[in-house]
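One structure below.
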Amino acid sequence: MRAWIFFLLCLAGRALAAPQQEALPDETEVVEETVAEVAEVPVGANPVQVEVGEFDDGAEETEEEVVAENPCQNHHCKHGKVCELDENNTPMCVCQDPTSCPAPIGEFEKVCSNDNKTFDSSCHFFATKCTLEGTKKGHKLHLDYIGPCKYIPPCLDSELTEFPLRMRDWLKNVLVTLYERDEDNNLLTEKQKLRVKKIHENEKRLEAGDHPVELLARDFEKNYNMYIFPVHWQFGQLDQHPIDGYLSHTELAPLRAPLIPMEHCTTRFFETCDLDNDKYIALDEWAGCFGIKEKDIDKDLVI
């Protein structure tokens, strides 16, 4: 447990900028496990707070003012596409040739798709996905997790019940760590700081550590109120493109992609959260998955 917490706290990436959503896909195929890239970021950073662009396969191209010397300079394309000029010297986004992607430095750059195929890097994956645009295969193809594909064992019912215990505790600890280190870093808003301050100053708070699930379960019962805000906060961190009260597959990716290799119940957990099977996870579904009572689910806590 300690290993995956450390990994998540060290994750880094590039910018999340996807203005359109992608629903949760059907994930019936067998997928496999991996080791993910670790980069230098502030200790305590949430993987969805740092900028993670590896997972935005739903982003649209955005056009800005064309610079005369280089029309492509301010013409941004989504992952898998590059800017080229047409016969009128107008910039346009075209699919990137996978062979033009930088050579991977090591295994940590590899990614696994949901059809269980390993790609040398996210660049290779998105370039390949782009060439399949408009096809059924391309629509279903997603980046599943970071690292080369490996066998991921089935998630047993008993293991599934343990997953939210660890996840809840981790969310609380991430917030406390951000609060402790947030002097001039603007890691939290003032409203968020006020909420977390109460948790931080509570003497009954279970300190971060590799605790047995029995202790985590007891702590949730005894200190239930400490967990309400962290669960809402994480939903807000994920619900960004667009901010609509629902989590799509693309919005979940920054959290689930690094988790899957280390927590094999990740995919099944998020699937069970989607109670109405509409391929999106609403706030009430998300909070319910973490054991938050219906009366305590409040959209105003998503700040």
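Residue positions begin at 1 at the first shown residue.
Using N, Cα and C of the backbone, Cβ positions are placed for all residues, glycine too.
Annotation source Swiss-Prot lists signal peptide at 1-17, citing experimental evidence. For 71-93, the entry in Swiss-Prot reads domain 'Follistatin-like'. Per Swiss-Prot, the feature disulfide bond maps to Cys72-Cys83, Cys77-Cys93, Cys95-Cys130, Cys101-Cys123, Cys112-Cys149, Cys155-Cys265, Cys273-Cys289. As annotated by Swiss-Prot, domain 'Kazal-like' applies to 89-151, with the evidence given as sequence analysis. The feature N-linked glycosylation site is assigned by Swiss-Prot to Asn116, with a curator's inference given as support. As annotated by Swiss-Prot, domain 'EF-hand' applies to 261-296. Per Swiss-Prot, Ca(2+) binding site is recorded for Asp274, Asp276, Asp278, Tyr280, Glu285.
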Q. Can you give the mean pLDDT for the domain 'Kazal-like' (89-151), rounded to a whole number?
A. 94
**Q.** Surrounding CB atoms that lie within 10 Å of the CB of Cys265 (disulfide bond), all protein chains
**A.** 24
Q) Do you know the DSSP helix, strand and coil residue counts for the domain 'Follistatin-like' (71-93)? A) 0 helix, 10 strand, 13 coil
Q. If you measure from the Cα of Cys112 (disulfide bond), which of the recorded positions Cys77, Cys83, Glu285 is the nearest?
A. Cys77
Q) Given the disulfide-bonded residues Cys77, Cys112, which one is most crowded in terms of C-beta atoms within 10 angstroms? A) Cys112
Q) So of Cys72, Cys149, which of the disulfide-bonded residues has the fewest other Cβ atoms within 10 Å around its own Cβ? A) Cys72
Q.
Applying a 10 Å Cβ distance cut-off over all chains shown, what neighbour count does Cys83 (disulfide bond) have?
A. 18
Q: Compare the Cα of Asn116 (N-linked glycosylation site) against each of the recorded positions Cys101, Cys130, Cys149, Tyr280 and report the nearest.
A: Cys149
**Q.** Length of the line joining the Cα atoms of Cys72 (disulfide bond) and Tyr280 (Ca(2+) binding site), in Å
**A.** 35
Q: List the Cα distance (Å, whole number) between Cys123 (disulfide bond) and Cys130 (disulfide bond).
A: 11
**Q.** Whole-number Å value for how far Cys273 (disulfide bond) lies from Tyr280 (Ca(2+) binding site) (Cα to Cα)
**A.** 9
Q. Looking only at Cβ atoms, how many others are within 10 Å of the one on Asp274 (Ca(2+) binding site)?
A. 18
(Q) If I take the alpha carbons of Cys95 (disulfide bond) and Asp274 (Ca(2+) binding site), what is the distance between them in whole Å? (A) 33
Q: Going by Cα-Cα distance, pick out whichever of the disulfide-bonded residues Cys77, Cys101, Cys130, Cys265, Cys289 is nearest to Asp276 (Ca(2+) binding site).
A: Cys289
**Q.** Those disulfide-bonded residues of Cys83, Cys101, Cys265, Cys273 having Cα within 10 angstroms of Glu285 (Ca(2+) binding site)
**A.** Cys273
